[in-house]
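Can you read through this structure? Questions will come right after.
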Amino acid sequence: MSKRKILKQQYKEIIQLNPTERVWQMPFFFALAVGFALSIAAYYERMDLGLIAMIGIMAFVYTTNTPMYHRMAVTMCCSFGLCLSFLIGLCTHFFPAFSPLIIGLVAMASSILIRYYNIGAPGYFFFVFSCLLASFFPFPPKDYIFLVGLICIGGIIANIAAFLYSISVIYIFKNSPPKPILQNGNLGFDIIFVDSMIIAFFVGFAVFLGAFLELDRSYWVAVSTTVILQGANLKSVWIKQLQRILGTTVGILFAWWLLKIKFTPLEFVFLMMFLAFIIEFLVVRNYALTVIFLTPYVTYLAEAASFGNLSVDMLIHARLQDIIIGSLLGLLGGFVIHKPYLRKYFEYIAKYIFRVRLKTK
């Protein structure tokens, strides 16, 4: 195949809209959950706390297309996982030197569990995202329990939304019948454990690199690395990186424009509902388009602690720089994952840590 045809094919893969079985109720109930949480926050004039609670609401996106009892169990477990990840992230403030190690372990544990139980997209991303944000939020220790409580409230809202969504698609509209539950652990040792160790190494290294380079809001380095490493193969890693860089470039301009506008509380609630709906509608269709709307959405989440007091130009510049570094690091990690002669060293370590211990029991 000529270079011209290869480039043409890659360009097509970047911009094409993929077919999907996702029904409209999924983005609708996600947006409804976001709007409900932010409406309460707007009523009490504490939109910053509403944005923090939205981290817990992300448990909704893990709702599986399985029988009711299973999908609700998965959503509840993911809610707990997000709360625990956030709490662990807060604890890194007591041991800042160990932040790369702790966040790397969260990435490994969440990746192993997600892969073992076949939960699927968005994978381990939001667990790492929750931990990262907590590790950078500048709140005093006396507020930590309160902050974890906000994530729990978000998780409760997510579970209620997941229940209503499931009732809607299974019993009312009947447009998304449940599928059989996949067997646990069917992905195999290499994908579940070895890949997770490599992911943990590069996510932890991204946290270390951001701190070492003294980058402003360096958590975006690790966030970008985490996203890129979710590619199923080296080609998908490369395509996802191109889509992320392209989408983020446009998304940052969109975010810059939105951050310049002073929204009323009600306007901001509808803005976040709109972004949530579009993100969940597009994420299975085209990642580049999704990132355009995801960029301002997660920017508002990440800057919840300083909501209303943002230096917009500095924030956008710092984020673009961090994302480029993180995307390149994620591409390197994806190369290691999908090249046997590089991943074999991690395979030796994984077999020693996990398989040997299992045999001795």
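Placement of Cβ uses the backbone N, Cα and C atoms for every residue, glycine included.
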State the residue range annotated as transmembrane segment by TrEMBL; the candidates are 3-22, 323-342.
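From TrEMBL, the annotated transmembrane segment range turns out to be 323-342.
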Determine which residues of the chain contact the transmembrane segment (145-172) at the Cβ level, with the cut-off under 8 Å and only residues 6 or more beyond its ends counted.
23, 25-26, 29-30, 32-33, 36-37, 49, 52-60, 63, 68, 71-72, 75-76, 79-80, 82-83, 86-87, 90, 130, 134, 137, 139, 178
Which of 23-43, 121-139, 265-284, 323-342 has the most Cβ pairs closer than 8 Å to the transmembrane segment (242-259)?
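Answer, by Cβ pair count: 323-342.
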For the domain 'Integral membrane bound transporter' (206-332), what does DSSP give as the number of helix, strand and coil residues?
101 helix, 0 strand, 26 coil
